[in-house]
Amino acid sequence: MTWNTYPPGVAGDAPGGGTDHGRLRELGYKQELKRHLSALSNFSISFSVISVLTGVTTLYNTGLAFGGPATMTLGWFVAGAFTMAVGLSMAEICSAFPTSGGLYYWSARLSGDRWAPFASWITGWYGTCSQWAGTASIDFSLAQLIQVIVLLSTGGNNGGGYLASKYVVFAFHAVILLSHAIINSLSITWLSFFGQLYAVWNMLGVFALMVAVPVVATERANAKFVFTHFNTDNSAGIHSNIYIFVLGLLMSQYTLSGYDASAHMTEETKNADRNGPIGIISAIGISLVVGWGYILGITFAVKDIPYLLSPDNDAGGYAIAEVFYLTFKSRYGNGVGGIICLWIVAIAIYFCGMSSMTSNSRMTYAFSRDGAMPLSSLWHKVNKQEVPINAVWLSAFISICMALPSLGSLVAFQAMASVATTAVNIAYALPILFRVTLAHKSFVPGPFNLGRYSVLVGWIAVLWVVTITVLFSLPVSYPVTKDTLNYTPVAVGGLFTVILLSWIIRARHRFKGPVTNLGG
């Protein structure tokens, strides 16, 4: 990778020249948001959205069931290496086009005049919907974790503990989203502070857990178990080792997403064409290291996988919660220490949901600024603190609505939540695909670029997204029934159908892609 340098203060044809305000004007927009974020603040927001404590904790059951320790400890770097390829390609494009629109704006600029409206429409709606679903999924996972914390705090599943109903869990979810909307209504100065606070909390939390859990444990797994044990004992009726390994990668891939937040915050970031790419790459790289440490620390305390996954244990089958609880109970006679560990994770998930809403509200703001959304003029308004306040509350409302299916069936909600992983990666891949095909010769890089490796890394990124989209659409249990069907292809395909029909019926006549707001 290389960094181009341009004459300071001179805004020329090459991206990177001139001031942030000047560069944004070159891209067709006036400055409406306050540029307060440093490189550290930009990184902190992406790092918060990735949140290894959120992703690993939420899907640790999946990792244990499909491949177990070997899939989690080694598969983490398989997913991580390819994720870094996607991130590098996105960082290069972000450096050339540092706008809040991010993915959909890139698609418009890279697909050429003929395809720009359609390319940005598809990319924008995939990105926007996946971010709404991501916020809903993150905050719902926090609500479920609180349900487990309450259960363990009142005696556990086998001690008469209180198990909150699905209606109470939904109420938890709504209150969490409401609080996130209130916080995101504050100025970017406060959001920057919270983002940096979370980055510190996440790193210290991971360090504390990865040390405390194996140290307190009275029994520990050995290194051979942690790095080589491949669990094929699952209740899903799947026996192919390759198939099992692929399904186990979901934990890693789900965790390592959301780094596009750095791109969506570029209009509020100083030296955006440099600090935006830095935010993307550093968030992925540091998350890889920190996340691996967390996985190792927890897995060294794992002994009996079937018991951890059993719904009859004290945590009701929530594996990491049971690990924490048993670790401290076996040492001290009670699980209070384990419950404290769970609160460390819960606070991290709370910050993750907050940052996710920050990111998707900026995406909503930018998409509506270009007239892509119904009532666009309403959603892109900013208040006196230069915050897209209406976009914030719209994001909160839609995320609450997306959790409503959980009241009927968790399977239905999980189908919606699957959009958060698959659709967002499709949105990542589309501008990269246009970069290596339609814009292969015309792309002008910004200060950050991959040089001669740009196209190669781009193709690796695109092929990886295609691969995981197919693999994560495969059945996750046999025989396949309405309760075990993997609804990912249904949800993602259904979203594509709605987006395409809306384009054919109406949008192709009125939506022309990103438009300038510079006025006369």
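Backbone N, Cα and C atoms are what each Cβ position is placed from, and that goes for glycine too.
Please treat TrEMBL annotations as automatic predictions, because they have not gone through curation.
Among the features that TrEMBL reports, transmembrane segment is placed at 43-62 (among others).
Among the features that TrEMBL reports, transmembrane segment is placed at 74-98 (among others).
What TrEMBL records for 167-191 (among others) is transmembrane segment. Through the fold, the transmembrane segment (167-191) approaches residues 33-34, 36-37, 45, 135-136, 139-140, 142-144, 146-147, 268, 350, 353-354, 357-358, 361, 385-387, 389, 392-393, 395-396, 399-400, 403-404, 406-407 of its own chain, all at least 6 residues removed from its boundaries and within a Cβ separation under 8 Å.
As annotated by TrEMBL, transmembrane segment applies to 198-217 (among others). Long-range contacts of the transmembrane segment (198-217) within its own chain (CB-CB distance under 8 A, at least 6 residues past either end) are made by residues 40, 43-44, 47-48, 51-53, 290-291, 293-294, 296-298, 300-301, 323-324, 327-328, 330-331, 337, 341, 344-345, 347-348, 351-352, 354-355.
Positions annotated as transmembrane segment by TrEMBL: 237-257 (among others).
The transmembrane segment annotation in TrEMBL covers 278-302 (among others). Long-range contacts of the transmembrane segment (278-302) within its own chain (CB-CB distance under 8 A, at least 6 residues past either end) are made by residues 39, 42-43, 45-47, 50, 52-53, 55-56, 60, 64, 69, 72-73, 76-77, 80, 83-84, 87-88, 90-91, 94, 202-203, 206-207, 209-211, 213-214, 217, 220-221, 225-226, 255-256, 259-263, 265, 269, 308, 320, 323, 327, 448.
Long-range neighbours of the transmembrane segment (332-353) within the same chain, counting only residues 6 or more positions beyond its ends whose Cβ lies under 8 Å from a Cβ of the stretch, are 48-49, 51, 53-54, 57-58, 135, 138-139, 141-142, 145-146, 148-149, 152-153, 156, 176-177, 180, 194, 197-198, 201-202, 205, 208-209, 212-213, 216, 314, 320-321, 323-326. If you look up TrEMBL, you'll see 332-353 (among others) marked as transmembrane segment.
Annotation source TrEMBL lists transmembrane segment at 391-413 (among others). Same-chain neighbours of the transmembrane segment (391-413): 131-133, 135-136, 139-140, 166-167, 169-170, 173-174, 177-178, 180-181, 184-185, 357, 360-362, 364-365, 368, 379-380, 482-483, 485, 487, counting only residues six or more beyond its ends whose CB sits under 8 Å from a CB of the stretch.
Residues annotated as transmembrane segment in TrEMBL: 419-438 (among others).
Among the features that TrEMBL reports, transmembrane segment is placed at 450-474 (among others).
Positions annotated as transmembrane segment by TrEMBL: 486-505 (among others).
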For the transmembrane segment (74-98), distant same-chain residues with Cβ under 8 A (at least six beyond the ends): 1, 15-16, 20, 23-24, 27, 63, 67, 105-106, 109-110, 227, 245, 248-249, 252-253, 256-257, 259-260, 262-263, 266-267, 269, 272-274, 276-278, 280-281, 284-285, 288, 291-292, 295, 425, 428-429, 431-432, 435, 443-450, 454, 457-458, 460-461, 464-465
Intrachain neighbours beyond the transmembrane segment (450-474), with Cβ under 8 angstroms and 6 or more residues off its ends: 1-2, 82-83, 85-86, 88-89, 92, 243, 246-247, 249-250, 253, 418, 421-422, 425-426, 428-429, 432-433, 435-436, 440, 486, 488-489, 492
Tertiary contacts of the transmembrane segment (419-438) (same chain, 6+ residues out, Cβ under 8 Å): 86, 89-90, 92-93, 103-104, 106-107, 110-112, 115, 119, 122-123, 126-127, 129-131, 133-134, 136-137, 250, 253-254, 257-258, 260, 454-455, 458-459, 461-462, 465-466, 468-469, 472-473, 488, 491-492, 495
